[in-house]
Amino acid sequence: MKTNRTFTMIKPDAVAAGNIGGILDMITKGGFKIVALKYTALSAEKAGLFYEVHKERPFYQGLVDFMSSGPIVAAILEKDNAIADFRALIGATNPADAAEGTIRKKYAKSIGENAVHGSDSDENADIEGNFFFSAFERF
Ligand code: DAT
Ligand code: MG
């Protein structure tokens, strides 16, 4: 099902560095409408569930530790072609490979601490949005 929505998190590194405003500015200037927004944190258990698809990967424990290390900002974003356009706006997973003008190029520290999450499919955007937001918290 195509929804024109994606899900994002501003990760603990970017929140700690004071980059919430800068990242939300790039998101809205990129043409995305914020339809849900929350300042929150993931417990290690919840971070483990969110990233369960990666549980056999060598970086999984480090990812869970990092994602539960401090507050995050979760949001649902709306735009035509939201999934692909947002993946383009955030840039490559490894900031060393991220294109100029992308969020990760500007704000990510490393492949692990890479400032933002972006859903990889309509189906996962829906699952991930539901992980954080009730029906009363989205518009
Ligand atoms: P993306 O966040 O670009 O969708 P992914 O889904 O492959 O990337 O991985 C999820 C997160 O896991 C990623 O944002 C950071 C971390 N990660 C991925 N590959 C990694 C690696 N080789 N070393 C350390 N962390 C990694
Ligand atoms: Mg991914």
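If you go along the chain as it appears here, the first residue is 1 and each next one adds 1.
Every residue, even glycine, has its Cβ placed from backbone N, Cα and C.
Automatic prediction, not curation, is the source of TrEMBL annotations.
Per TrEMBL, domain 'Nucleoside diphosphate kinase-like' is recorded for 3-137. Feature annotation from TrEMBL assigns ATP binding site to LYS11, PHE59, ARG87, THR93, ARG104, ASN114. The annotation active site, pros-phosphohistidine intermediate is assigned in TrEMBL to HIS117.
Everything TrEMBL records as a feature, shown here on the structure.
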residue	record	Cβ within 10 Å
LYS11	ATP binding site	27
PHE59	ATP binding site	12
ARG87	ATP binding site	15
THR93	ATP binding site	14
ARG104	ATP binding site	24
ASN114	ATP binding site	23
HIS117	active site, pros-phosphohistidine intermediate	21
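In three-state terms derived from DSSP, the residue listed as 'active site, pros-phosphohistidine intermediate' belongs to an extended strand segment. Residue pair PHE59 (ATP binding site) / the residue listed as 'active site, pros-phosphohistidine intermediate' shows a Cα separation of 16 Å.
Rounded to the nearest whole angstrom, the C-alpha distance between LYS11 (ATP binding site) and HIS117 (active site, pros-phosphohistidine intermediate) is 7. HIS117 (active site, pros-phosphohistidine intermediate) and ARG87 (ATP binding site) are 9 Å apart (CA-CA, integer value). Only PHE59, ASN114, of the binding-site residues LYS11, PHE59, ARG87, ARG104, ASN114, place a Cβ under 6 Å from an atom of ligand 1. A distance of 9 Å separates the Cα atom of the residue listed as 'active site, pros-phosphohistidine intermediate' from that of THR93 (ATP binding site). Taken residue by residue with DSSP, ARG87 (ATP binding site) is part of a helix.
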